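Read through the structure below, which is laid out as structure tokens, and then see the notes.
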Ligand code: 13P
């Protein structure tokens with residue numbers, strides 16, 4: 001059997017259960033590179049906040065694979081002396097094999113996203129992931145319904161989750177559950193109808209466990225807070241950090257700070273610094289909304 005995850009990482013179930021009991025949500029922030037990871041770990045530590053670092057399959061491939069990502073994160077935990085709870089989570093694992101590979105590399109949490117399969121297949125594959133994850137004390141997120149998002153240039157609204165399917169997933173032993181409730185990955189389009197609170201209430205009543213709000217970027221604060229009061233205990237954010245990083249980098253370049261005639265501002269350690277600071281600011285603001293700030 002493969003090794004269990006690094007002792008400085010934690011399984012995300014404890015964090016999410018605690019948030020669910022106390023009606024706040026833990027932030028899941030996607031990482032894309034070293035700057036992202038370092039900024040998030042440092043700001044989580046500085047604000048005494050638990051954090052889930054999400055890694056999509058695309059970002060994993062970009063960064064060099066599960067083993068590299070696990071090594072980067074766990075080495076930073078050591079060298080930065082991070083003591084707040086940190087979970088390393090595979091975001092939207094598309095296959096059982098992908099979840100197993102992340103677990104083998106030492107991830108402490110995985111999402112199996114079988115939402116594009118018929119429910120029976122989603123259920124069966126989730127069951128297989130749970131069996132493997134349990135043997136490694138790794139938490140498992142599953143998804144019912146679908147989260148909206150862009151596909152071939154068209155922004156789909158997603159499919160609302162079915163409470164009966166939520167109950168089946170809970171009985172299977174999932175740690176926390178993502179459901180389509182009108183949420184969309186990426187920027188929200190004009191005319192978006194907002195979150196479907198009625199659906200959220202029904203799914204929460206059926207599941208009674210911490211639920212996950214995907215597409216956490218760009219949802220108005222009052223809707224985020226209401227969703228948390230109705231059972232959302234983990235909020236996933238990716239796009240908002242990307243936009244903040246890009247805007248800060250753009251400002252630096254537009255001010256000409258990277259031009260050789262203006263000094264050494266072209267050094268990547270300087271060029272990427274404003275984006276790194278912007279990630280910290282965005283984390284600080286959003287964790288204030290989620291109620292997890294200072295809850296380590
Ligand atoms: P956003 O990119 O819309 O914040 O969504 C992130 C997400 O849900 C990752 O699973």
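The backbone N, Cα and C atoms fix where each Cβ goes, glycine too.
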Zn(2+) 1 binding in TrEMBL involves 92, 185; of 116, 117, 214, the partner in that site is 214
Dihydroxyacetone phosphate binding in TrEMBL involves 215, 216, 217, 236, 237, 238, 239; of 182, 186, 263, 265, the partner in that site is 186
Across every protein chain in view, the count of C-beta atoms other than its own within 10 A of the C-beta of residue 92 (Zn(2+) 1 binding site) is 22
CB neighbours within 10 A of residue 217 (dihydroxyacetone phosphate binding site), counting all protein chains shown, number 23
Out of 185, 214, the listed binding-site residues, fewest other Cβ atoms within 10 Å surround the Cβ of 185
Close to ligand 1, in the sense of Cβ under 6 Å, among 113, 143, 217 as binding-site residues, are 217
The correct three-state DSSP answer for residue 214 (Zn(2+) 1 binding site) is coil
Within 8 Å of the Cβ centroid of 92, 185, 214, the other same-chain residues by Cβ around the recorded Zn(2+) 1 site are 91, 113, 147, 149, 178, 215, 236, 238
